[in-house]
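K.L.:
Okay, these came from Swiss-Prot:
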type	residues	note
TOPO_DOM	1-11	topological domain 'Cytoplasmic'
TRANSMEM	12-32	transmembrane segment
TOPO_DOM	33-57	topological domain 'Extracellular'
TRANSMEM	58-78	transmembrane segment
TOPO_DOM	79-97	topological domain 'Cytoplasmic'
TRANSMEM	98-118	transmembrane segment
TOPO_DOM	119-144	topological domain 'Extracellular'
TRANSMEM	145-165	transmembrane segment
Amino acid sequence: MAPPPPSLASRMAALILRILTFIFLIASLVILTTNTATLELDLVEVKVHFKDVYAYRYMLATIVIGLAYTVLQIAFTLYYVATGNRMMSGDGNLAFDFFGDKVISYILVTGAAAGFASTKDIKPVFSGSGDFDAFINKGYASASLLLIGFVCTAVLSVFSSYALPKQV
């Protein structure tokens, strides 16, 4: 049996990377939005949610933007794999892939960086207070999954960089 044509292999690789990005972003979203802790400070218990940390709100926004773009690109890629034709005629789809992948990858990495930085900053302040260590660990886990989603999108960005000069 002959190997598939390179164009089909690259289309399938792009589809797999987009699906992996989607999975990592969904996992990051679930971990982040379910992140709560109870702080015990001088006989007072305070319930802390992820939305109380500004950087986690930014992480949430980057995850939602990344998910919206990834779902759109999965639909475009599925159509391309199934039919061999792009949704948009001309070079519009390639340019959209090129610029979209670049912008989204930068958005995702800034969200991950904000998550890591804020988690590192608040860790020494509240360490050992109630179940705050679990809150910290979930923050790191969510930021890590977001970073892995960025890596998948960055690889897709390289693929779209190679595809654009071939068509333009």
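Cβ atoms here come from the backbone N, Cα and C positions, even for glycine.
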K.L.:
Cβ under 8 Å to the transmembrane segment (58-78), counting only same-chain residues 6 or more beyond its ends: which ones?
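P.N.:
For the transmembrane segment (58-78), the sequence-distant neighbours (Cβ-Cβ under 8 Å, at least 6 residues beyond its ends) are 11, 14-15, 18-19, 21-22, 25-26, 28-29, 32-33, 50-51, 86-87, 93, 97, 100, 104, 107-108, 110-112, 114-115, 142-143, 146, 149, 153.
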K.L.:
Over the topological domain 'Cytoplasmic' (79-97), work out the mean pLDDT and round it to an integer.
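P.N.:
Its mean pLDDT is 78.
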K.L.:
Could you put numbers on the helix, strand and coil content of the topological domain 'Extracellular' (119-144), residue by residue per DSSP?
P.N.:
21 helix, 0 strand, 5 coil
K.L.:
Which sequence-distant residues neighbour the topological domain 'Extracellular' (33-57)? Criterion: at least 6 residues beyond either end, Cβ under 8 Å.
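P.N.:
Contacts of the topological domain 'Extracellular' (33-57) (Cβ under 8 Å, skipping residues fewer than 6 from its ends): 114-115, 117-119, 122, 126, 129-132, 134-135, 138-139, 142.
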